[in-house]
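Student: Shown below is the structure under consideration.
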């Protein structure tokens, strides 16, 4: 995102920067045919590798002392900081101010954590760590786009040191060392794209190879081996081919593309080729040096910073989503906003960063940065300033499991008094994924109040299906953490004679069909019988049915009672944001409903199998949650004017407590 002033300024690089930021903006504002525009971020990484290496190779010299080298690196990092931090800090502060009027307390507190990570340059690691089932969907995280700045800043910290060390090697080994680093990083990225996509996407190590493509291009140019003319015919043909590849990237790629490896190698190598050729074929050169692209390239960093908060806040304020015309209006608004940010903050602060000493304005910039950090910490620790909302609205909008109305003893809740008797038949085990985790707190409270032994076996994103292997792609390795939620748990339950009842709860329909539903994002999942089988979603159903049948037969043979929960209704929207829009008058009352036929359509096949399984096994007690949340015609995430869901498919403690009587009745049924 950020740029550097190369010792030999090249206008064509501004054109490449413009193509990168335009791809990102068009994709984020929902322009049809630009679903692969996210690759613009990868182009920025290649550009950064090129520009930074161009500067460093002209200034680092193995004949200089380590002290001189360290002094130069220190000055270099200082200039980078003044190039990036002021505009970033300004946008972060403005985003927090706007969030005070728009976001719920939970989201506002989350914004404080994101803002702190952003202004201290580790947002990529923050978002990677929070890539879980209960994290806010990406479309509602105002500072998610700063992850790439974290990767860049971490590259700026690492690369000068590595490059200085590499320059002390014999000349014939220097590029081999960079190539070795590039290959290692690409290999790690390739493996993690299959094994742990979040780590591959957000972390600097798996992204290093993209920067190093730019670094090799810079090395080629600065070593005077770049052709002074347009080159041979094949080189000119390669100019056209690589430019066409960059222009086609937003159209060819999309949400289903494996990213960042191996797919991003095409646009990255294409960009590296064009950077390595200061003199390209005339028309390609003219296109990249176009005046309009030059202006966009100059504003690219500011454009990138301002655009995403506009996207997110429009998604919230104009729920469920703004119209296409509104999105295009917001896209146009990015231009004057970015121009102001560039003229008032970015350009003056960059010049100020080159000044020696600490003039008053520089001290003021440092103070503003420190003040923003303090503001972020305050937001993160203040629970989102809940006083901005009325107590009634807060009660209605609470996503989390804890709620003021549930602070009294659970057994005093109407409908539960008759079920709060010690379980004489033995202990209870809860087993499942995050859907089971949503039920754990009220079940544990009930068990404590009645003196019933209780154990929970929870694997987030992992079904209780012994013998089934779960993977993210047809060819990826099985998720290792999910192996622990299968056969080992079954063995533990069978070996524990105190457990007489096993409650099974999971997002069955996800594993049955392999596809998600609603705004939670994420890709499909695949089930196989064998560890090394090639997977397909078409095979999920057979593996699911065989594994769950085996599980229930094993529990029945051990004399266990099985309480099998069908999945709760899933919504195609975020219930909390929808209800927030209702409360604030942005949506008509009753908008946050879903036709029962729509929820049933997705779940019918999985539910029919669960019902068939229960009819064949006398130990199974089937629980149907849709009766709690649905009338004959519609399903609602709200119970008695209070939010009962955490997101589109997880209940919160309000919802879990509403399900508790059904679960306990089934568990205590003879």
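Keep in mind that glycine also has a Cβ here, set from the backbone N, Cα and C atoms.
All annotation found in TrEMBL is predicted automatically rather than curated by experts.
Reproduced below are the annotations present in TrEMBL:
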- 12-342: domain 'Acyltransferase 3' (DOMAIN)
- 418-664: domain 'SGNH' (DOMAIN)
- 12-31: transmembrane segment (TRANSMEM)
- 37-57: transmembrane segment (TRANSMEM)
- 84-104: transmembrane segment (TRANSMEM)
- 153-169: transmembrane segment (TRANSMEM)
- 176-195: transmembrane segment (TRANSMEM)
- 259-276: transmembrane segment (TRANSMEM)
- 288-308: transmembrane segment (TRANSMEM)
- 328-345: transmembrane segment (TRANSMEM)
- 357-380: transmembrane segment (TRANSMEM)
Student: Any contact between the transmembrane segment (37-57) and the transmembrane segment (12-31), i.e. 3 or more CB pairs below 8 Å with pairs at least 6 residues apart?
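Tutor: In this chain the transmembrane segment (37-57) contacts the transmembrane segment (12-31) - 3 or more Cβ pairs sit under 8 Å.
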Student: State, in range form, which of 84-104, 153-169, 288-308, 328-345 has the highest count of Cβ pairs under 8 Å to the transmembrane segment (12-31).
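Tutor: Looking only at 84-104, 153-169, 288-308, 328-345, the most contacts with the transmembrane segment (12-31) come from 288-308.
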Student: What mean pLDDT score does the domain 'Acyltransferase 3' (12-342) have in the model?
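Tutor: Mean model confidence (pLDDT) across the domain 'Acyltransferase 3' (12-342) is 90.
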Student: With Cβ-Cβ distances below 8 Å as the criterion, list the same-chain residues six or more beyond the ends of the transmembrane segment (357-380) that contact it, or say none.
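Tutor: For the transmembrane segment (357-380), the nonlocal Cβ contacts are 82, 85-86, 89, 92-93, 96, 108-109, 111-113, 115-116, 119-120, 349.
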Student: Looking only at residues six or more beyond either end of the transmembrane segment (288-308), which have a C-beta under 8 A from one in the stretch?
Tutor: 1-3, 11-22, 24-25, 28-29, 84, 87-88, 91, 142-145, 243, 274, 280, 331, 334-335, 337-339, 341-342, 346
